[in-house]
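Quick look at what Swiss-Prot lists:
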DOMAIN    8-290  domain 'tr-type G'
BINDING   17-24, 88-92, 142-145  GTP binding site
REGION    290-309  region 'Disordered'
Amino acid sequence: MARTTPIERYRNFGIMAHIDAGKTTTSERILFYTGVSHKIGEVHDGAAVMDWMEQEQERGITITSAATTAFWSGMDKSMPQHRFNIIDTPGHVDFTIEVERSLRVLDGAVFVLCAVGGVQPQSETVWRQANKYSVPRMAFVNKMDRTGANFDKVVEQLKARLGAYAVPMQVPIGAEDGFEGVVDLLKMKAIHWDTASQGTTFEYRDIPADLVDVATEARSFMVEAAAEASEDLMDKYLNEGDLSEQEILSGLRERTLKVEIVPVFCGSAFKNKGVQAMLDGVVHLLPSPADRPPVQGIDEDEKEDTRAATDTAPFSALAFKIMTDPFVGSLTFFRVYSGTLNSGDQVYNPVKSKKERVGRILQMHSNNREEIKEVRAGDIAAAVGLKDVTTGDTLCAQDKIITLERMVFPEPVISMAVEPKTKSDQEKMGMALGRLAQEDPSFRVKTDEESGQTIISGMGELHLDIIVDRMRREFNVEANVGKPQVAYRETIRKSDVKSDYKHAKQSGGKGQYGHVVIELSPMTEEERKSENVKDDFLFINDITGGIIPKEFIPSVEKGLRETITSGPIAGFPVVGVKVKLVFGSYHDVDSSEMAFKLAASMAFKQGFAKASPVLLEPIMKVEIVSPEDYLGDVMGDVSRRRGVLQGQDDSPSGKIINAMIPLGEMFGYATSLRSMSQGRATFSMEFDHYEEAPANIADAVTKKG
């Protein structure tokens, strides 16, 4: 089957935003204008097409990135048809993993901002993630119809807070109740969308007299930004004082693709104004898969390799999301970087070293699906029937193996015990949690060896709430959950602490004998970055002259590594410790791997106790947006929670307070902040670092442990 849309006319982009910037409504309008959705789904009614998990519709926040394919021929239907693969991403900090996952497979992004709230704390987190993957992006200032909407202020914030070279492509006509449309700075015409047709038709008019000067100045800024793309354009601009529409677009496109500028559009998705022109911007300014550098990976011999975005290159794809679907079972969403794949083909997963057969291939439109026979470079689709694939795995041709860069997922910071309400649900709960962990690598499940309890860990309270909720809805497992527990860590402060332990049991017959002398020290920052460090622990063998035979050294390391998973203070993992094996002895007959493993373990426990052991607690970077009236209460509360204030910023909705607060003090914070501010303050938090817990906290944790 031949390719229906040339790859140059593909746009794989994500819609990213802070909560409440109107991202889901914007996505809905895109689906409506591209003809996929016949009725506009409003988030207010819990009917949005993109938010297709029940909890998302209830909570009105987007959790899962749903991938949708749509087509666009321009606002005035004059362009050749372009194929959009749109990925909707969540804006809540507990789900940054979802954002990271989608950014990895996108070519570009549309950043939706609220014209009233502007650049919110969370926008900065998402922006940083987009910088990490060098994703070209444009901005859409939404909610221009809301009281307090201010386009210029948001453009300034893009520059000041995000360091973006923001280039407005439009100027709004009016704001708040008086928002009527936009001035297109390329054509220097006013665009008015027809309300009766829900914005599907529009007309160009002359620019209102009071906006001519503003528009002329904004256009000069835009043309100048375009001219800086190349010497030729700059020469023409300096000589003639202007550039043609085509030259402006090609200059802006070139600079957007290099992530040098961020073109800015505006509108009100809710009022059906502006999204249409923004979609034209996606075509003109965001990259096709062919505009992005070839994807990088490593081949079978661990050498660097690349794949170009062509149908003739060997097949390579990245599985970026696993979902459990009530009708077809497990769905693997994947992005094809190169080559083609037909349903029924075999693919190779180099991460798991396994071959898999691709059963059916589905083209997803939110949660409706259409079966297709093949996918080609640039496509995003979902495969049915892949058994052993985890988020972040590569799928490739068996004869041309490549492993694409793995995604890095953060360690969970919060845990809670969970048990089924009825014994008969135990097995069902195990299966449900297994499925959910396969979908979401930032969610972990383990069994506590001592208590036999099932412990679930994740990125925040909301994250775990939603997991428990999904167990109930999707797997019919009712569960009781324990109180959230903090993921503490243990380490030492003293250097070069010697510990000598001899494990000797000789009671007739073959005995056991292992003797080790080790030195414990905290790792330096440089050492922690070294590639020999695994699980934040460094083992150095300093034995010479066969004092301990070579074959027993791995057992010593194994004994140490098994011990650090549960530290001596309160059973939390040990981090940042370097252990040097400096001396020991052995017995020709009685020494064994087991004896050395035990000796190493005991030497470590004794040495750790002498090396000024300390408990570390996770510190969260918290950003609170509060109206000024409640500032005193909010800041007093931050101090009571052992928070350290990092500074304040102004925000349209009051003040932004930045603070570092221990996670242990943040449980239930959402509820107490709501009552403190009568529901008007909001906050977001993400893990920042570990630091030593004060003695009273360490004592309380140790007693509990």
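Note that Cβ sites are derived from N, Cα and C of the backbone, with glycine treated the same way.
There are 30 other Cβ atoms within 10 Å of the Cβ belonging to M144 (GTP binding site). Residue counts for the region 'Disordered' (290-309) under DSSP, helix first, then strand, then coil, are 2 helix, 8 strand, 10 coil. Packing around A17 (GTP binding site) is summarised by its Cβ count: 30 other Cβ atoms lie within 10 angstroms of its Cβ, all protein chains included.
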